[in-house]
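**Student:** Heads up, here are the entries from TrEMBL:
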type	residues	note
BINDING	His86, Asp88, Glu107, His124	Fe cation binding site
BINDING	Cys92	Zn(2+) binding site
Amino acid sequence: MVENSELRKAGLKVTLPRVKILQMLDTADRRHMSAEDVYKALMEAGEDVGLATVYRVLTQFEAAGLVVRHNFDGGHAVFELADSGHHDHMVCVDTGDVIEFFDSEIEKLQKDIVKRHGYELVDHNLVLYVRKKEG
Ligand SMILES: [Zn+2]
């Protein structure tokens, strides 16, 4: 199973809750899920994993580099698998939906701005807070 080898690679013992939570992050429609989202999805799938366990496992996954945690304003922390390349995020202020995007012009612009200030870019985290346009 992919999940089992990924856990071992990350130096984590294979336990049922870890496998179930990793599977859920991997197969859910949403790529960005809060601990509560994961907990609810597991419950709906008939899996008996407590919320405290979900929190603990997600924190372990984060420490092991399996998932990335985002603390977007005005919401719970959300987690996504660390398996995709660099991207930035939009967060809908009404629904909390998270939209991923990548724009090479923005990427370049950021590097240019940093350079102009005499630095080199090490990392960045761009979050746009958005609202669906009506009509
Ligand atoms: Zn993302």
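In case you wondered, yes, glycine gets a Cβ from its N, Cα and C as well.
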**Student:** How many Å separate the Cα atoms of Cys92 (Zn(2+) binding site) and Glu107 (Fe cation binding site)?
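**Tutor:** That separation, Cα to Cα, works out to 22 Å.
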**Student:** I'd like the number of other C-beta atoms within 10 A of the C-beta of Asp88 (Fe cation binding site), please.
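**Tutor:** Its Cβ has 17 other Cβ atoms within 10 Å.
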**Student:** Inside 10 Å of the Cβ of His86 (Fe cation binding site), count up the other Cβ atoms and send me the figure.
**Tutor:** 8
**Student:** Which of Glu107, His124 (the binding-site residues) has the most other Cβ atoms within 10 Å?
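**Tutor:** That would be Glu107, with the highest Cβ count within 10 Å.
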**Student:** Within 10 angstroms of the C-beta of Cys92 (Zn(2+) binding site), what count of other C-beta atoms is obtained when all protein chains are considered?
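**Tutor:** Total other Cβ atoms inside 10 Å, all chains included: 14.
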